[in-house]
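Feature annotation from Swiss-Prot assigns [2Fe-2S] cluster binding site to C69, C74, C77, C107. The domain '2Fe-2S ferredoxin-type' feature in Swiss-Prot is assigned to 33-123; the stated evidence is sequence analysis. The feature transit peptide is assigned by Swiss-Prot to 1-32, with experimental evidence given as support.
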Amino acid sequence: MAMAMRSTFAARVGAKPAVRGARPASRMSCMAYKVTLKTPSGDKTIECPADTYILDAAEEAGLDLPYSCRAGACSSCAGKVAAGTVDQSDQSFLDDAQMGNGFVLTCVAYPTSDCTIQTHQEEALY
């Protein structure tokens, strides 16, 4: 006697695709912070939700900041925090000493307070 197998697959109704830079629900917050970016062409203050990477918020605000991997695995988007705090636990490039000196990778950094970041700091890392 032959046995028949049947598999069914269904997509969740109303499921939204993952958004790059969106924090998991356990880390989400409704807060938004003022992030001042000190660029070679001048200072620009943007509003950055706590669940959005600083680089993504800057691009949405029309700024053109350097980046390459968008994964925290290189130094193209390096900046230096002059004031405030960020969460960059998604990065894998900077060592403890570099982070202790204020360096941040804007492509994987979330603001955790109002902050000021000097952008275009890749060369200062070395």
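The backbone N, Cα and C atoms fix where each Cβ goes, glycine too.
Non-local contacts of C69 ([2Fe-2S] cluster binding site) by the CB criterion (under 8 A, 6+ apart in sequence, same chain) comprise S76, C107. Among the binding-site residues C74, C77, C107, the residue whose Cβ has the fewest other Cβ atoms within 10 Å is C74. Mapped onto three states, the DSSP output places C74 ([2Fe-2S] cluster binding site) in coil. Summary of the [2Fe-2S] cluster site environment: with the site residues C69, C74, C77, C107 set aside, the chain residues having Cβ atoms within 8 Å of the Cβ mean position are Y67, S68, R70, A71, G72, A73, S75, S76, F93, L105, V108.
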